[in-house]
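Annotation source TrEMBL lists domain 'YdbS-like PH' at 88-163. Look at TrEMBL and you will find 32-53, 59-78 tagged as transmembrane segment.
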Amino acid sequence: MLDFENNTLNIEDLPKFEEVEKSPVSIRYLKVLRLLYLIFLFVFLGGLTALFFIPKFPIVLFLIIASVVVTIFGILILEVEKGFPKRKFALREKDILFQKGFIIFRETIVPYKRIQHVEVKQGLLFKAFNIVIIKVFTAGSSSGDLSLFGLDPEDADKMKAQILKIADLDED
């Protein structure tokens, strides 16, 4: 008969991932976020302006819509400005750690053994700011996938090579 062990771990003995030294994403990504939210604001302000000039449009409804837009924009500004310094990542021996958010703070840890594919992407706007996205796809559901926005292209290529090496994946 096989010996089966399933010992209890002491919580105090577990490593603290909060103490890991994390790297911030590029400050250029903050500029991209600000630009996107300005575009969002101008689109909605244009829509509000159009509503204002519609004959017999109820002023109360206009004020409600304007209040909602201002509130949403205020929340987005708060999230971007206060949450950006919390956007950090770390590559460790056995996993990748990423954290983000101010209003809703989220930390994601992806073990290398779950990684199936890694890609580096750069859209038109990101190309203008010389930043990229590294996407890590995991086994199982898409909720385990990880996207790191706002990385320097050189760093992302090094990270991809390191992840592929540790995860023992063949590069595409």
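Using the three backbone atoms N, Cα and C, a Cβ is placed for every residue, glycine included.
Helix, strand and coil residue tallies for the domain 'YdbS-like PH' (88-163), in that order: 22 helix, 36 strand, 18 coil [DSSP]. For the domain 'YdbS-like PH' (88-163), the mean pLDDT of the prediction comes to 92.
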